[in-house]
Amino acid sequence: MAATEAVHHIHLQNFSRSLLETLNGQRLGGHFCDVTVRIREASLRAHRCVLAAGSPFFQDKLLLGHSEIRVPPVVPAQTVRQLVEFLYSGSLVVAQGEALQVLTAASVLRIQTVIDECTQIIARARVPNTPAPAPLPPPVPPPLAPAQLRHRLRHLLAARPPGHPNAAHSRKQRQPARLQLPAPPAPIKAEGPDAEPALTAAPEDRGEEDDDEETDEETDAEEGEGGGGGPGEGQAPPAFPDCAGGFLTTAADSAREDPPASTGITDYGGAGRDFLRGTGVTEDVFPDSYVSAWHEESSGGPESCPVETSAPPDCALAGPRPTGVKTPGPPVALFPFHLGAPGPPAPTPPTPSGPAPAPPPTFYPTLQPDAAPSAQLGETQAVPAAPAAQATAISGTPVRAPGGQGAEQPAYECSHCRKTFSSRKNYTKHMFIHSGEKPHQCAVCWRSFSLRDYLLKHMVTHTGVRAFQCAVCAKRFTQKSSLNVHMRTHRPERAPCPACGKVFSHRALLERHLAAHPAP
(Lines of atoms letter the chains of each structure in order from A and count residues from 1; the text may use other names and numbers.)
(Lines give C-alpha, C1' and ligand atoms only; values in the text may rest on other atoms or scores of the structure.)
Protein backbone atom coordinates (compact mmCIF):
# COMPACT_ATOMS: atom_id res chain seq x y z
CA MET A 1 0.00 0.00 0.00
CA ALA A 2 1.44 3.33 -1.06
CA ALA A 3 2.15 5.88 1.59
CA THR A 4 -0.15 8.86 1.83
CA GLU A 5 1.19 11.71 -0.23
CA ALA A 6 1.85 14.91 1.68
CA VAL A 7 -0.32 17.90 0.79
CA HIS A 8 1.02 21.43 1.20
CA HIS A 9 -1.27 24.43 1.57
CA ILE A 10 -0.03 27.77 0.25
CA HIS A 11 -1.95 30.73 1.60
CA LEU A 12 -0.90 34.32 1.02
CA GLN A 13 -2.24 36.72 3.60
CA ASN A 14 -2.54 39.90 1.50
CA PHE A 15 -2.87 38.40 -1.97
CA SER A 16 -6.32 39.91 -2.66
CA ARG A 17 -5.17 43.32 -1.51
CA SER A 18 -2.01 43.22 -3.59
CA LEU A 19 -4.03 42.08 -6.61
CA LEU A 20 -6.39 45.06 -6.28
CA GLU A 21 -3.43 47.39 -5.86
CA THR A 22 -1.95 46.03 -9.08
CA LEU A 23 -5.26 46.53 -10.89
CA ASN A 24 -5.48 50.07 -9.52
CA GLY A 25 -1.99 50.80 -10.81
CA GLN A 26 -3.02 49.51 -14.23
CA ARG A 27 -6.11 51.72 -14.13
CA LEU A 28 -4.07 54.80 -13.28
CA GLY A 29 -1.70 53.96 -16.12
CA GLY A 30 -4.57 53.37 -18.56
CA HIS A 31 -3.68 49.70 -19.20
CA PHE A 32 -6.32 47.05 -19.98
CA CYS A 33 -9.23 49.40 -19.14
CA ASP A 34 -12.31 48.26 -21.05
CA VAL A 35 -15.12 50.52 -19.79
CA THR A 36 -15.67 54.27 -19.51
CA VAL A 37 -17.65 55.85 -16.69
CA ARG A 38 -19.08 59.29 -17.47
CA ILE A 39 -20.48 61.69 -14.90
CA ARG A 40 -21.53 65.10 -16.24
CA GLU A 41 -18.61 66.38 -18.33
CA ALA A 42 -15.98 64.20 -16.62
CA SER A 43 -15.04 60.63 -17.49
CA LEU A 44 -12.74 57.91 -16.17
CA ARG A 45 -11.52 54.54 -17.41
CA ALA A 46 -11.75 51.34 -15.34
CA HIS A 47 -11.94 47.55 -15.55
CA ARG A 48 -15.39 46.11 -16.02
CA CYS A 49 -14.68 43.09 -13.81
CA VAL A 50 -13.87 45.30 -10.81
CA LEU A 51 -16.87 47.58 -11.34
CA ALA A 52 -19.26 44.67 -11.78
CA ALA A 53 -17.95 42.94 -8.65
CA GLY A 54 -18.26 46.01 -6.44
CA SER A 55 -21.43 47.75 -7.66
CA PRO A 56 -24.77 46.21 -8.71
CA PHE A 57 -25.45 49.38 -10.70
CA PHE A 58 -22.38 48.80 -12.88
CA GLN A 59 -23.16 45.09 -13.09
CA ASP A 60 -26.64 45.72 -14.53
CA LYS A 61 -25.24 48.16 -17.08
CA LEU A 62 -22.44 45.81 -18.11
CA LEU A 63 -24.82 42.87 -18.48
CA LEU A 64 -26.64 44.91 -21.12
CA GLY A 65 -23.39 45.18 -23.07
CA HIS A 66 -22.60 48.85 -22.42
CA SER A 67 -19.00 49.87 -22.88
CA GLU A 68 -19.76 53.40 -21.72
CA ILE A 69 -21.76 53.91 -18.52
CA ARG A 70 -23.32 57.26 -17.71
CA VAL A 71 -24.04 57.94 -14.03
CA PRO A 72 -27.08 60.16 -13.26
CA PRO A 73 -25.83 63.70 -12.50
CA VAL A 74 -27.20 63.97 -8.97
CA VAL A 75 -23.80 64.16 -7.26
CA PRO A 76 -20.45 65.75 -8.18
CA ALA A 77 -18.09 63.83 -10.42
CA GLN A 78 -15.39 63.84 -7.73
CA THR A 79 -17.64 61.82 -5.41
CA VAL A 80 -18.18 59.13 -8.06
CA ARG A 81 -14.43 59.06 -8.68
CA GLN A 82 -13.85 58.46 -4.96
CA LEU A 83 -16.27 55.53 -4.98
CA VAL A 84 -14.57 53.98 -8.01
CA GLU A 85 -11.24 54.27 -6.20
CA PHE A 86 -12.91 52.66 -3.18
CA LEU A 87 -13.78 49.61 -5.29
CA TYR A 88 -10.06 49.19 -6.02
CA SER A 89 -8.59 50.04 -2.62
CA GLY A 90 -11.32 49.25 -0.08
CA SER A 91 -10.71 52.50 1.80
CA LEU A 92 -12.59 55.78 1.63
CA VAL A 93 -11.98 59.10 3.39
CA VAL A 94 -15.25 60.92 4.06
CA ALA A 95 -15.40 64.42 5.50
CA GLN A 96 -18.28 65.26 7.79
CA GLY A 97 -19.72 67.78 5.35
CA GLU A 98 -19.42 65.39 2.40
CA ALA A 99 -21.09 62.37 4.05
CA LEU A 100 -24.46 63.21 2.53
CA GLN A 101 -23.08 63.48 -1.01
CA VAL A 102 -21.18 60.21 -0.62
CA LEU A 103 -24.35 58.56 0.71
CA THR A 104 -26.33 59.76 -2.31
CA ALA A 105 -23.68 58.57 -4.76
CA ALA A 106 -23.40 55.21 -3.01
CA SER A 107 -27.18 54.85 -3.20
CA VAL A 108 -27.06 55.46 -6.95
CA LEU A 109 -24.27 52.89 -7.40
CA ARG A 110 -25.91 50.60 -4.80
CA ILE A 111 -22.73 50.03 -2.78
CA GLN A 112 -24.33 48.78 0.41
CA THR A 113 -21.24 48.91 2.65
CA VAL A 114 -20.71 52.62 1.96
CA ILE A 115 -24.44 53.28 2.43
CA ASP A 116 -24.35 51.70 5.90
CA GLU A 117 -21.22 53.55 6.99
CA CYS A 118 -22.42 56.95 5.75
CA THR A 119 -25.81 56.41 7.36
CA GLN A 120 -24.12 55.88 10.72
CA ILE A 121 -21.94 58.97 10.20
CA ILE A 122 -24.96 61.15 9.45
CA ALA A 123 -26.95 59.67 12.32
CA ARG A 124 -24.15 60.38 14.80
CA ALA A 125 -23.76 63.92 13.50
CA ARG A 126 -27.47 64.79 13.49
CA VAL A 127 -28.55 63.21 16.78
CA PRO A 128 -27.92 65.63 19.68
CA ASN A 129 -25.53 64.29 22.23
CA THR A 130 -27.61 63.05 25.13
CA PRO A 131 -26.01 64.32 28.31
CA ALA A 132 -24.74 61.63 30.60
CA PRO A 133 -26.76 61.24 33.76
CA ALA A 134 -25.35 63.50 36.40
CA PRO A 135 -23.69 61.59 39.23
CA LEU A 136 -25.70 61.54 42.38
CA PRO A 137 -24.31 63.93 44.98
CA PRO A 138 -22.79 62.24 48.01
CA PRO A 139 -25.23 61.86 50.86
CA VAL A 140 -25.00 64.82 53.17
CA PRO A 141 -25.22 63.84 56.83
CA PRO A 142 -27.82 65.69 58.83
CA PRO A 143 -26.50 68.66 60.82
CA LEU A 144 -25.37 67.64 64.28
CA ALA A 145 -26.05 69.46 67.46
CA PRO A 146 -23.16 71.50 68.98
CA ALA A 147 -22.67 68.95 71.73
CA GLN A 148 -22.50 66.08 69.24
CA LEU A 149 -19.99 68.00 67.12
CA ARG A 150 -17.73 68.59 70.09
CA HIS A 151 -17.94 64.92 71.07
CA ARG A 152 -17.16 63.79 67.51
CA LEU A 153 -14.09 66.01 67.21
CA ARG A 154 -12.77 65.02 70.62
CA HIS A 155 -13.14 61.36 69.63
CA LEU A 156 -11.20 61.92 66.39
CA LEU A 157 -8.42 63.82 68.13
CA ALA A 158 -8.10 61.25 70.88
CA ALA A 159 -7.86 58.37 68.39
CA ARG A 160 -4.16 59.08 67.81
CA PRO A 161 -1.97 56.77 69.96
CA PRO A 162 0.42 58.58 72.34
CA GLY A 163 4.11 58.64 71.66
CA HIS A 164 3.82 58.78 67.89
CA PRO A 165 4.17 62.40 66.79
CA ASN A 166 4.13 61.47 63.12
CA ALA A 167 1.52 58.76 63.35
CA ALA A 168 -0.98 60.88 61.46
CA HIS A 169 1.14 60.52 58.31
CA SER A 170 1.94 56.80 58.72
CA ARG A 171 0.79 54.35 56.07
CA LYS A 172 0.04 51.63 58.64
CA GLN A 173 -1.97 53.71 61.07
CA ARG A 174 -4.06 56.05 59.02
CA GLN A 175 -6.21 58.68 60.63
CA PRO A 176 -9.58 59.73 59.24
CA ALA A 177 -9.48 61.35 55.82
CA ARG A 178 -10.13 64.86 57.10
CA LEU A 179 -7.03 64.79 59.32
CA GLN A 180 -4.67 63.70 56.53
CA LEU A 181 -4.19 67.06 54.92
CA PRO A 182 -1.72 67.95 52.18
CA ALA A 183 0.43 71.01 52.47
CA PRO A 184 -1.47 74.12 51.47
CA PRO A 185 -0.63 75.30 47.94
CA ALA A 186 1.40 78.42 47.37
CA PRO A 187 -0.70 81.57 47.50
CA ILE A 188 -1.52 83.14 44.15
CA LYS A 189 -2.49 86.77 44.15
CA ALA A 190 -5.38 88.03 42.09
CA GLU A 191 -4.42 89.66 38.81
CA GLY A 192 -4.43 93.41 38.79
CA PRO A 193 -4.22 95.83 41.74
CA ASP A 194 -7.94 96.60 41.56
CA ALA A 195 -9.12 93.01 41.66
CA GLU A 196 -11.63 92.50 44.44
CA PRO A 197 -11.13 89.40 46.62
CA ALA A 198 -13.85 86.81 46.62
CA LEU A 199 -14.45 83.46 48.23
CA THR A 200 -13.35 80.33 46.45
CA ALA A 201 -16.21 78.69 44.64
CA ALA A 202 -17.16 75.18 45.54
CA PRO A 203 -16.03 72.42 43.15
CA GLU A 204 -19.51 71.90 41.78
CA ASP A 205 -19.96 75.65 41.27
CA ARG A 206 -16.62 75.83 39.50
CA GLY A 207 -17.77 73.20 37.03
CA GLU A 208 -20.93 75.13 36.23
CA GLU A 209 -18.95 78.30 35.60
CA ASP A 210 -16.63 76.52 33.18
CA ASP A 211 -19.61 75.47 31.07
CA ASP A 212 -20.55 79.06 30.28
CA GLU A 213 -18.73 81.10 27.66
CA GLU A 214 -17.84 84.42 29.18
CA THR A 215 -15.82 87.45 28.18
CA ASP A 216 -12.09 87.84 28.75
CA GLU A 217 -12.59 90.13 31.75
CA GLU A 218 -14.87 87.60 33.45
CA THR A 219 -12.40 84.82 32.71
CA ASP A 220 -9.59 86.80 34.30
CA ALA A 221 -11.77 87.47 37.30
CA GLU A 222 -12.43 83.76 37.69
CA GLU A 223 -8.70 83.06 37.56
CA GLY A 224 -8.21 85.61 40.31
CA GLU A 225 -10.88 83.95 42.38
CA GLY A 226 -9.33 80.55 41.89
CA GLY A 227 -6.00 81.86 43.07
CA GLY A 228 -7.27 84.05 45.89
CA GLY A 229 -8.92 81.19 47.65
CA GLY A 230 -9.70 83.03 50.88
CA PRO A 231 -11.24 86.14 52.28
CA GLY A 232 -8.01 88.11 52.03
CA GLU A 233 -6.06 88.94 48.89
CA GLY A 234 -3.19 86.55 48.28
CA GLN A 235 -4.18 84.23 51.12
CA ALA A 236 -3.78 80.48 50.72
CA PRO A 237 -6.98 78.50 50.18
CA PRO A 238 -8.32 76.43 53.06
CA ALA A 239 -6.60 73.13 53.63
CA PHE A 240 -9.91 71.24 53.54
CA PRO A 241 -11.30 71.36 49.98
CA ASP A 242 -14.40 69.44 51.00
CA CYS A 243 -15.17 71.99 53.67
CA ALA A 244 -14.69 75.10 51.53
CA GLY A 245 -18.35 75.99 51.87
CA GLY A 246 -18.58 74.71 55.45
CA PHE A 247 -17.24 75.66 58.84
CA LEU A 248 -13.70 76.67 57.80
CA THR A 249 -14.86 79.77 55.91
CA THR A 250 -16.85 81.03 58.89
CA ALA A 251 -13.75 81.68 60.97
CA ALA A 252 -11.06 82.14 58.31
CA ASP A 253 -10.26 85.62 59.60
CA SER A 254 -8.93 84.11 62.82
CA ALA A 255 -6.22 82.17 60.95
CA ARG A 256 -3.76 85.04 61.38
CA GLU A 257 -4.11 85.08 65.17
CA ASP A 258 -1.63 83.46 67.52
CA PRO A 259 -2.26 79.85 68.54
CA PRO A 260 -4.43 79.52 71.63
CA ALA A 261 -3.15 78.32 74.92
CA SER A 262 -2.77 74.62 75.51
CA THR A 263 -5.97 73.05 76.71
CA GLY A 264 -4.87 69.49 77.16
CA ILE A 265 -5.45 68.50 73.57
CA THR A 266 -2.56 66.78 71.84
CA ASP A 267 -0.78 69.23 69.56
CA TYR A 268 -0.66 68.39 65.87
CA GLY A 269 1.93 69.57 63.44
CA GLY A 270 1.53 70.86 59.92
CA ALA A 271 -1.95 70.90 58.54
CA GLY A 272 -3.52 69.76 61.80
CA ARG A 273 -2.24 72.87 63.56
CA ASP A 274 -3.58 75.14 60.85
CA PHE A 275 -6.89 73.35 61.09
CA LEU A 276 -7.17 73.98 64.83
CA ARG A 277 -6.01 77.58 64.43
CA GLY A 278 -8.45 78.37 61.67
CA THR A 279 -11.38 77.37 63.84
CA GLY A 280 -10.30 79.24 66.95
CA VAL A 281 -10.15 76.18 69.22
CA THR A 282 -10.65 76.62 72.94
CA GLU A 283 -11.67 74.06 75.50
CA ASP A 284 -14.94 73.81 73.64
CA VAL A 285 -13.92 73.14 70.05
CA PHE A 286 -16.83 75.12 68.58
CA PRO A 287 -18.81 77.88 70.29
CA ASP A 288 -22.58 77.81 70.43
CA SER A 289 -22.81 80.51 67.77
CA TYR A 290 -21.04 78.25 65.30
CA VAL A 291 -24.12 76.36 64.07
CA SER A 292 -26.04 79.47 63.07
CA ALA A 293 -23.07 80.80 61.12
CA TRP A 294 -22.74 77.45 59.36
CA HIS A 295 -26.34 77.42 58.23
CA GLU A 296 -26.20 81.04 57.11
CA GLU A 297 -23.16 80.42 54.93
CA SER A 298 -25.26 79.42 51.93
CA SER A 299 -27.21 82.67 52.05
CA GLY A 300 -24.24 84.94 51.48
CA GLY A 301 -24.48 88.49 50.25
CA PRO A 302 -24.09 89.58 46.69
CA GLU A 303 -20.43 90.37 47.23
CA SER A 304 -19.43 86.84 48.24
CA CYS A 305 -21.06 85.02 45.36
CA PRO A 306 -20.97 86.40 41.82
CA VAL A 307 -24.33 86.36 40.09
CA GLU A 308 -24.35 84.92 36.60
CA THR A 309 -26.33 86.96 34.15
CA SER A 310 -28.18 85.31 31.32
CA ALA A 311 -26.77 85.65 27.86
CA PRO A 312 -28.27 88.43 25.74
CA PRO A 313 -30.78 87.36 23.13
CA ASP A 314 -29.65 86.55 19.67
CA CYS A 315 -28.93 89.62 17.63
CA ALA A 316 -30.87 88.12 14.75
CA LEU A 317 -34.05 88.09 16.83
CA ALA A 318 -33.57 91.19 18.97
CA GLY A 319 -34.49 94.63 17.71
CA PRO A 320 -36.29 95.72 14.58
CA ARG A 321 -35.01 94.99 11.14
CA PRO A 322 -34.56 97.68 8.54
CA THR A 323 -37.20 97.86 5.86
CA GLY A 324 -36.44 95.75 2.82
CA VAL A 325 -34.20 93.25 4.60
CA LYS A 326 -35.55 89.73 4.42
CA THR A 327 -35.41 87.36 7.34
CA PRO A 328 -32.76 84.74 6.61
CA GLY A 329 -34.25 81.35 6.14
CA PRO A 330 -32.93 78.02 7.40
CA PRO A 331 -29.70 76.67 5.97
CA VAL A 332 -30.20 74.80 2.73
CA ALA A 333 -28.81 71.27 2.56
CA LEU A 334 -29.14 68.33 0.23
CA PHE A 335 -31.37 66.63 2.77
CA PRO A 336 -32.99 69.01 5.28
CA PHE A 337 -32.06 67.17 8.47
CA HIS A 338 -34.05 69.11 11.07
CA LEU A 339 -34.23 67.14 14.27
CA GLY A 340 -36.97 67.89 16.73
CA ALA A 341 -39.63 70.52 16.47
CA PRO A 342 -39.01 73.59 14.32
CA GLY A 343 -37.74 76.69 16.04
CA PRO A 344 -39.74 79.81 16.79
CA PRO A 345 -40.65 81.98 13.84
CA ALA A 346 -38.74 85.15 13.25
CA PRO A 347 -40.50 88.28 14.48
CA THR A 348 -42.21 90.49 11.95
CA PRO A 349 -40.32 93.73 11.36
CA PRO A 350 -42.23 96.71 12.75
CA THR A 351 -43.81 99.16 10.36
CA PRO A 352 -42.09 102.56 10.51
CA SER A 353 -44.34 105.41 11.56
CA GLY A 354 -42.40 108.13 9.73
CA PRO A 355 -41.86 108.54 6.01
CA ALA A 356 -40.89 105.41 4.14
CA PRO A 357 -37.14 105.04 3.63
CA ALA A 358 -35.61 104.92 0.23
CA PRO A 359 -35.85 101.46 -1.37
CA PRO A 360 -32.63 99.44 -1.54
CA PRO A 361 -30.84 99.22 -4.88
CA THR A 362 -32.14 96.39 -7.02
CA PHE A 363 -30.63 94.45 -9.85
CA TYR A 364 -33.85 94.33 -11.87
CA PRO A 365 -34.52 96.79 -14.68
CA THR A 366 -36.79 99.70 -13.91
CA LEU A 367 -40.30 99.34 -15.31
CA GLN A 368 -43.17 101.72 -15.81
CA PRO A 369 -44.69 103.09 -12.59
CA ASP A 370 -48.16 101.98 -13.70
CA ALA A 371 -47.21 98.31 -13.97
CA ALA A 372 -49.81 95.72 -13.06
CA PRO A 373 -49.86 94.94 -9.36
CA SER A 374 -49.42 91.39 -8.10
CA ALA A 375 -52.18 89.70 -6.18
CA GLN A 376 -49.65 88.25 -3.76
CA LEU A 377 -48.03 91.56 -2.85
CA GLY A 378 -51.01 92.74 -0.81
CA GLU A 379 -52.34 95.65 -2.88
CA THR A 380 -56.05 96.41 -2.69
CA GLN A 381 -56.44 98.70 -5.69
CA ALA A 382 -55.73 97.53 -9.22
CA VAL A 383 -54.26 100.04 -11.63
CA PRO A 384 -54.61 99.39 -15.38
CA ALA A 385 -51.25 98.31 -16.69
CA ALA A 386 -49.70 99.37 -19.91
CA PRO A 387 -49.57 96.80 -22.75
CA ALA A 388 -45.79 96.76 -22.64
CA ALA A 389 -45.80 96.08 -18.91
CA GLN A 390 -48.33 93.27 -19.33
CA ALA A 391 -46.23 91.61 -21.98
CA THR A 392 -43.19 91.91 -19.76
CA ALA A 393 -45.01 90.37 -16.80
CA ILE A 394 -46.27 87.46 -18.91
CA SER A 395 -42.78 86.64 -20.08
CA GLY A 396 -41.55 86.31 -16.52
CA THR A 397 -39.95 89.72 -16.04
CA PRO A 398 -40.26 91.21 -12.54
CA VAL A 399 -43.29 93.43 -11.97
CA ARG A 400 -43.06 96.25 -9.42
CA ALA A 401 -45.81 97.35 -7.09
CA PRO A 402 -47.37 100.74 -7.89
CA GLY A 403 -46.40 103.67 -5.74
CA GLY A 404 -43.30 104.15 -3.64
CA GLN A 405 -44.58 102.76 -0.34
CA GLY A 406 -42.32 100.18 1.27
CA ALA A 407 -39.63 98.12 -0.39
CA GLU A 408 -40.24 97.22 -4.01
CA GLN A 409 -40.52 93.45 -4.46
CA PRO A 410 -40.03 91.84 -7.88
CA ALA A 411 -42.73 89.47 -9.11
CA TYR A 412 -42.82 86.84 -11.85
CA GLU A 413 -46.08 85.85 -13.50
CA CYS A 414 -46.73 82.51 -15.14
CA SER A 415 -47.99 82.85 -18.71
CA HIS A 416 -50.23 79.77 -18.33
CA CYS A 417 -52.04 80.12 -15.00
CA ARG A 418 -51.24 83.79 -14.17
CA LYS A 419 -49.73 82.78 -10.85
CA THR A 420 -47.09 85.18 -9.55
CA PHE A 421 -43.86 84.48 -7.69
CA SER A 422 -41.50 86.74 -5.80
CA SER A 423 -38.32 84.88 -6.81
CA ARG A 424 -37.06 83.56 -10.10
CA LYS A 425 -36.13 80.22 -8.54
CA ASN A 426 -39.72 79.47 -7.55
CA TYR A 427 -40.94 80.69 -10.93
CA THR A 428 -38.55 78.32 -12.72
CA LYS A 429 -39.66 75.39 -10.59
CA HIS A 430 -43.29 76.19 -11.31
CA MET A 431 -42.75 76.20 -15.07
CA PHE A 432 -41.82 72.49 -14.98
CA ILE A 433 -45.44 71.75 -14.05
CA HIS A 434 -46.71 73.07 -17.37
CA SER A 435 -43.88 71.74 -19.53
CA GLY A 436 -44.13 68.19 -18.15
CA GLU A 437 -40.38 67.74 -18.44
CA LYS A 438 -38.79 65.35 -15.89
CA PRO A 439 -35.05 65.28 -16.57
CA HIS A 440 -33.99 63.81 -13.21
CA GLN A 441 -34.29 60.02 -12.96
CA CYS A 442 -33.69 57.71 -10.00
CA ALA A 443 -31.00 55.15 -10.76
CA VAL A 444 -32.54 52.59 -8.41
CA CYS A 445 -36.21 52.49 -9.40
CA TRP A 446 -35.97 54.63 -12.59
CA ARG A 447 -38.61 57.05 -11.41
CA SER A 448 -38.35 60.52 -13.00
CA PHE A 449 -38.71 63.90 -11.32
CA SER A 450 -38.93 67.43 -12.62
CA LEU A 451 -36.55 68.89 -10.04
CA ARG A 452 -33.30 67.68 -8.56
CA ASP A 453 -34.58 68.52 -5.07
CA TYR A 454 -37.44 66.07 -5.51
CA LEU A 455 -34.99 63.38 -6.60
CA LEU A 456 -32.81 63.92 -3.54
CA LYS A 457 -35.84 63.68 -1.26
CA HIS A 458 -36.87 60.50 -3.06
CA MET A 459 -33.44 58.93 -2.51
CA VAL A 460 -34.20 58.81 1.23
CA THR A 461 -36.67 56.02 0.54
CA HIS A 462 -33.79 53.88 -0.77
CA THR A 463 -31.16 54.86 1.80
CA GLY A 464 -33.51 54.46 4.75
CA VAL A 465 -32.11 57.44 6.66
CA ARG A 466 -34.65 58.54 9.24
CA ALA A 467 -33.47 62.09 9.67
CA PHE A 468 -36.62 63.66 11.13
CA GLN A 469 -37.09 63.00 14.83
CA CYS A 470 -40.00 63.80 17.10
CA ALA A 471 -38.98 66.07 19.94
CA VAL A 472 -41.51 64.49 22.29
CA CYS A 473 -41.17 60.72 21.90
CA ALA A 474 -37.89 60.57 19.85
CA LYS A 475 -39.55 58.57 17.07
CA ARG A 476 -37.86 58.94 13.67
CA PHE A 477 -39.28 59.38 10.18
CA THR A 478 -37.84 59.54 6.68
CA GLN A 479 -39.98 62.45 5.49
CA LYS A 480 -40.92 65.77 7.04
CA SER A 481 -44.56 65.26 6.12
CA SER A 482 -44.68 62.03 8.12
CA LEU A 483 -43.29 63.87 11.14
CA ASN A 484 -45.94 66.59 10.79
CA VAL A 485 -48.71 63.98 10.75
CA HIS A 486 -47.18 62.26 13.77
CA MET A 487 -46.99 65.53 15.73
CA ARG A 488 -50.80 65.66 15.73
CA THR A 489 -50.84 62.78 18.19
CA HIS A 490 -49.07 64.95 20.78
CA ARG A 491 -51.54 67.81 20.58
CA PRO A 492 -53.34 68.41 23.86
CA GLU A 493 -56.65 69.25 22.21
CA ARG A 494 -58.74 66.28 21.12
CA ALA A 495 -61.90 66.11 19.02
CA PRO A 496 -64.34 63.63 20.58
CA CYS A 497 -67.06 61.88 18.63
CA PRO A 498 -70.50 62.94 19.92
CA ALA A 499 -71.94 59.51 19.17
CA CYS A 500 -69.44 56.98 20.51
CA GLY A 501 -67.08 59.19 22.51
CA LYS A 502 -63.96 58.20 20.59
CA VAL A 503 -61.37 60.99 20.48
CA PHE A 504 -59.29 62.03 17.48
CA SER A 505 -56.15 64.12 17.21
CA HIS A 506 -57.40 66.05 14.18
CA ARG A 507 -60.79 67.36 13.17
CA ALA A 508 -60.44 65.92 9.67
CA LEU A 509 -60.16 62.45 11.18
CA LEU A 510 -63.29 63.11 13.23
CA GLU A 511 -65.23 64.19 10.14
CA ARG A 512 -64.11 61.06 8.32
CA HIS A 513 -65.19 58.97 11.30
CA LEU A 514 -68.59 60.69 11.45
CA ALA A 515 -69.15 60.03 7.75
CA ALA A 516 -68.60 56.31 8.28
CA HIS A 517 -70.44 56.26 11.60
CA PRO A 518 -73.70 54.27 11.50
CA ALA A 519 -76.81 56.33 11.99
CA PRO A 520 -78.36 56.04 15.47
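Note: Cβ is positioned from N, Cα and C throughout, glycine not excepted.
It is 440-462, from the ranges 72-94, 95-117, 440-462, that Swiss-Prot records as zinc finger. Among the ranges 251-273, 389-411, 412-434, the one that Swiss-Prot lists as zinc finger is 412-434.
Residue counts for the zinc finger (495-517) under DSSP, split into helix (H, G, I), strand (E, B) and coil, are 10 helix, 4 strand, 9 coil. Helix, strand and coil content of the domain 'BTB' (33-96), in residues and according to DSSP, is 29 helix, 13 strand, 22 coil. Remote same-chain partners of the zinc finger (440-462), defined as residues 6 or more beyond its termini with a Cβ less than 8 Å from a stretch Cβ, comprise 57, 71-72, 74, 104, 107-110, 334-335, 429, 432-433, 478-479.
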